[in-house]
Amino acid sequence: MSTVNVLLVALFSLITIINGQLNCSTYNPCGRYGYCRDNSDGEWTCKCKFWWNGTLCDEQTNSGKQVIALGCILGFLMAVFHGLQITLCIRNKRRKSKEDKKKEISQIPTLVDLALENAKKSTRLSSCLVACLTIIIAAVALVSKWSLIQPIHNEVATKYLTNQPIYYVPNSFCNTMSLQQFNIITFPVACFLILMLIITTKRTSLLPNLCYGYGGPPMPVDFLSHVDRTFAAFIFAVCADELLLIMLSVIDGTAKKGEGVIITYLLRVLEVFIMGVRYYALLAAVYLNTIFILACATIYAWLDYAITIINQGMCDSDFYPTYNDYLDNSTSIEEMFVYYGTGPNLIAIQLCIDIPRFLCLAYVNIKIPMLLIRKIYLQCKKNLPLEQKMLMKLTREQRIFFRISEPNSVEMLYVKNLFRSAKNRPKSQTLFARIIPTKIYEWRDDYRFSTRILCLYSSIFLLLYFVTIQACVQALPLLSALQQVLQDAVEKISTIFISESEDTDGENVSPNTSNFPLPSLIRPYLFAIFITLILIVIQLLVLLANIRRNSFQSFRGEDSEIPRRERSKYVSYAAGNFHFAGYFIGYLIWGYMIIAVFSLLFCISIDAFITYGSVRFLESILKFIIPSILFVLFKQYLNKILAQYIFLQHHGEVLSLNNRRFLMIFIYFNFFLDAFLGFISSILRLIKSVIGGIIYMCRLDYSPLGRKLETMDGGFSAYCGFIHTECAHRHPVMLAVVSHLYTQIKIKELKMNMMNSNDLSIDKTNEIKLKSQSRYVRKWKLAVFLTQNPTFVFFRKAFLNQLHIEDVRYINDIDNNDKSNIQRRLSVYTRRMSAARLSIVSDNSLKYLEAYRF
């Protein structure tokens, strides 16, 4: 240290001795690059930051100078690399010849035209009426709940202001309605309605002649079709709030006295079952779609709606404790009154939480009467077209299946686009397809998500809404009380990494002497919740796009992302399909909590740097990490520059080596250098895997175990089972072909009924004419088709009837990867083909069949 600095230190020590103060309370001599600490003798010492040294922390160490030099070199390499990339990109654009694009004469509709067209389609009288009535009924429900909560709020607030025990006594109606979490009003009505549905539903396979075929359990939702997707999605959204309460009680792990863990878990399962029974009746009634059942469902829906308003307003309040809650000390009403006040803020917050729930309930209670009115109208209407009369005689599944063969159906559009490239495929003309950029999401008219995905996402988004609002409302009043507790915990953890004999022992840690001073927790907590919500929503939207992409890949037999299905794993696929929705919700909840914790730590660290300027605990971690990261980045950019511009031809556009002699020399010396770099990279690999596993926790299509071990992940296995099941039952080509055959059969049946019926007057405009074709013409067309597609000859009925049953099984068993099975299929073809060649069972043919067997 220089002579001037020594004199300054001596002068400062003399001044402090004269004043009788030898501590850091009055003045910080260490400056901006050091921490002033008081030792046990009452004297000050400087603890330097990062790579600073000296008594007053005014000198840089050799490590600091080397890190700065390495950072400057890295910045230079990054500037050179990206500059060359930009220069190369500009050069390629100049060399590229401008292709003349022929503009079509057809006018492309503008966004305004599309908006007006969509508005005309969506503003039908029934849709507008449903929307208006839904808003009105939801508003009435919110006002009714406000009138029920207001007296309870006033009573609890008065007790808080007068220092009385804070609780309220529920109305006697609550004890009558709910007995041990068992709703004795709506649940029996739902069971009676389900019994009526069972009586009026016919069985299809089990004992069809018993009781004239009646007595079958109705289907609540057909998840593989598109019947009433919107109504089912609203029902599942309503269940999200109740499901959240059940899951929170499971996570809490609290049980009553005398109840074990198993009994508590079974009670939670019973609650889920009761919740499912309540809404099962509504879904099954809408699915059957008969006048009597819809009328009963309307009465039940309005009864359940009224009971829900009364129960949530008088019996089951979110914030106000009952007498049992007061005895269990399971309430934070005092902290909430301190933070939000005793005014109407709590009531407003509770009503805002209930807005989505009451909107969904109002839609359900309006949609069922609208379906009833429409059903009565169609029954009373006499002048119906012939096709409409035929459709009315079919079931809902048959009608949906009948419409698949229409030219503008989703399945037929997919079939039309099979032999079109992505450039030639017609773009969607919907409003969302024109607004959303194709780089973010390409809207396609030839795919529609199943009812299961729509129900799952509706419940998940409403669940995220409830979790986020509750996390903000319930936690904010408690953060101030946790401030000192968290500060003490962080200080104890920091002493593990930073051992200081001068640290205060057993005293309150102040920001001036703390290794990690915590700022006010409210701001980082809100930012952490916002970041968590954004990350979860982005992951959900990306997963939605991946579901469509993986479905398309499964449709065309591609196994680049989803493992190819195998016959030996059919049971696993079915079991995974069962667990898909439940695993999705469970992974989402845990992913939300884990991301929220790490986001909170990140936001606290950033806020501490902004508030206090420096945090010693984080600085010690960065001091260890920064040199390794700089060295790794330096080596990566150096390798990129050498690989692209020295050791590869045509600037990396071709994978052909250049400067082979220098490349061998570089690889020889790099062989030993990368051993140290690999050690650092292994640590980064662990850190990246942890971060990736946390961020992608809610993504079932991503497995943190890797491609070779991904089938050991239960979530990924459930996702694979869902995709394979969807592909097997919703393949557009299969549905289009079978729908076409089914439509032709129904048309023939209709024509025969029309010919045999004398009372039915046939209008010429409604008459369906079947083109009679000559037998020889059909034979000629069949011969031409088989000539152009000779492989179909071996799948005709006449050919398959000549085969043994084992040979037929081997031919159809396309999901078996056994080579002996493939060889058996080839031998069958060899024996039966009229122009067989000896090379058909060669190794090349075997490999070709393995690659293109699906």
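Cβ coordinates are placed from backbone N, Cα and C, and glycine is handled just like the others.
All annotation found in TrEMBL is predicted automatically rather than curated by experts.
Keep in mind that this is a model prediction, so the values were computed, not measured.
Feature list (source: TrEMBL):
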type: SIGNAL; residues: 1-20; note: signal peptide
type: DOMAIN; residues: 20-58; note: domain 'EGF-like'
type: DISULFID; residues: C48-C57; note: disulfide bond
type: TRANSMEM; residues: 68-90; note: transmembrane segment
type: TRANSMEM; residues: 128-149; note: transmembrane segment
type: TRANSMEM; residues: 182-200; note: transmembrane segment
type: TRANSMEM; residues: 231-251; note: transmembrane segment
type: TRANSMEM; residues: 279-303; note: transmembrane segment
type: TRANSMEM; residues: 454-476; note: transmembrane segment
type: TRANSMEM; residues: 525-547; note: transmembrane segment
type: TRANSMEM; residues: 667-687; note: transmembrane segment
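The Cβ of C48 (disulfide bond) lies under 8 Å from the Cβ of C30, Y33, G34, Y35, G54, C57, each on the same chain and at least six residues away in sequence. Nonlocal intrachain contacts for the transmembrane segment (128-149), taken as residues 6+ away from its ends with a CB within less than 8 angstroms of a stretch CB, comprise 305, 309-310, 312-314, 317, 320, 347, 350-351, 354-355, 358-359, 361-363, 365-367, 370. Per-residue pLDDT, averaged along the domain 'EGF-like' (20-58), amounts to 68 for this model. In the shown protein chains, 21 other C-beta atoms lie within 10 A of the C-beta of C57 (disulfide bond). DSSP assigns C57 (disulfide bond) to coil in the three-state reduction, placing it in neither a helix nor a strand.
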